[in-house]
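Q: Take this structure, written in structure tokens, and hold onto it; I'll ask about it next.
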Amino acid sequence: MAEKKTDKVKRLTELSHCAGCAAKLRASDLAQVLGGLKSTKGPQALVGFSTNDDAAVYRLAPGMAVVETVDFFPPVVDDPFQFGAIAAANALSDIYAMGARPLFALNLVCFPDELPLKVLSKILAGGQSKADEAGIPILGGHSIRDPEPKFGMAVTGVVHPKKVLTNAGAKPGDVLFLTKPLGSGIATTAIKRGVASKQLAKRALGVMTTLNRAAGEVFASGKFKVNALTDVTGYGLLGHLLEMMTAAKARATLDLERIPLIAEVPALAEDGVVPGGTKSNLAHVHKKVRFPEGLPECIQWVLADAQTNGGLLASVPARQALKALKALEAAGVDAALIGEVQAGKPGIDVVG
């Protein structure tokens, strides 16, 4: 059968209503919906949706728990291979964010009739490349026809029940590490609008296609204490950090000068190149975040920017910060110490 083609669609991002993890439901909407659901969590279920963590964890035996996550989204870039790679890396990130090891994955595909099938083949090949890099097989999947292409994975992992790293254990006296620069949401919006420089597109692509495996393995190594761990994705640094502080009943201070940013992103934000999801993120957290007086709104947007396969955010006891930093550096992870955890009403203070 001949492939169906179109001369009208030249770019994958033309078919997406928003890019990557910015396509998530607004945090406020999700909270409203989940708030009406009763948790059926039993004694074997170690992590559910009550703390908005990155994956579900279910104990199978005294020394083994299964970790399950699912993640998919519309195109963030026009190259189908790179789109597949980004989506797969993003799905795998949730496993690493739980201190777990991935075992296998299933593909999730939504694909329009009018695109050539070779596009889908390239998307799947991109996903396979990241599964290969993670050392896991893809054992199957599910596909449906959809006017908007989407791709992602359901990933299954494993961890010792006593070594699960959740987003709920941060303690006053901890310091906060971030393993990737912020700004991929704004960068992909610039790509979608055709206003991104080649340098920005290359840098953002490098961030989004880099697995969080190395950082995840360091945090799970047991070489130093990790009180809480999550990945920074669709709700931005502020949103995911606020989830961490809410669970810990503590308050975070962020040092603006230490937070790594993708070059060109602040200028783009100042020009209004900001995804709707990022603006929703800022609106959701604004009442619980204190910014320095006069801080431009464009910088606030960057801190709330919806990330696609963003870095890991870890809460580590201050006395072990140097040990953690050295271990991350040895693994080739360019981590930044961006703030600290203090006693206080759940929220975030941005300083600097």
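Including glycine, each Cβ sits where the backbone N, Cα and C put it.
Pasting the feature list from Swiss-Prot:
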ACT_SITE  C21  active site
BINDING   K24, T51, N52, D53, D71, D94, G141, H142, S143  ATP binding site
BINDING   D54, D94, D231  Mg(2+) binding site
SITE      K24  site 'Important for catalytic activity'
Q: Rounded to an integer, what is the Cα-Cα distance in Å between G141 (ATP binding site) and D231 (Mg(2+) binding site)?
A: 24
Q: Whole-number Å only: compute the distance from the Cα of D94 (Mg(2+) binding site) to the Cα of D71 (ATP binding site).
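A: Cα-Cα distance, D94 (Mg(2+) binding site) to D71 (ATP binding site): 9 Å.
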Q: What is the separation, in Å, between the Cα atoms of S143 (ATP binding site) and D231 (Mg(2+) binding site)?
A: 27
Q: What's the CA to CA span in angstrom from D71 (ATP binding site) over to D231 (Mg(2+) binding site)?
A: 13
Q: Quick one: give me the count of other CB atoms within 10 A of the CB of S143 (ATP binding site).
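A: The answer is 13.
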Q: I'd like the Cβ neighbour count for D71 (ATP binding site), meaning other Cβ atoms within 10 Å of its Cβ, all protein chains included.
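A: Summing over all protein chains shown, D71 (ATP binding site) has 24 other Cβ atoms within 10 Å.
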Q: Specify the count of other C-beta atoms within 10 Å of the C-beta of D94 (Mg(2+) binding site).
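A: Result for D94 (Mg(2+) binding site): 26 other Cβ atoms within 10 Å.
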Q: Looking only at G141, D231, the binding-site residues on record, which one has the least crowded Cβ, with the fewest other Cβ atoms within 10 Å?
A: G141
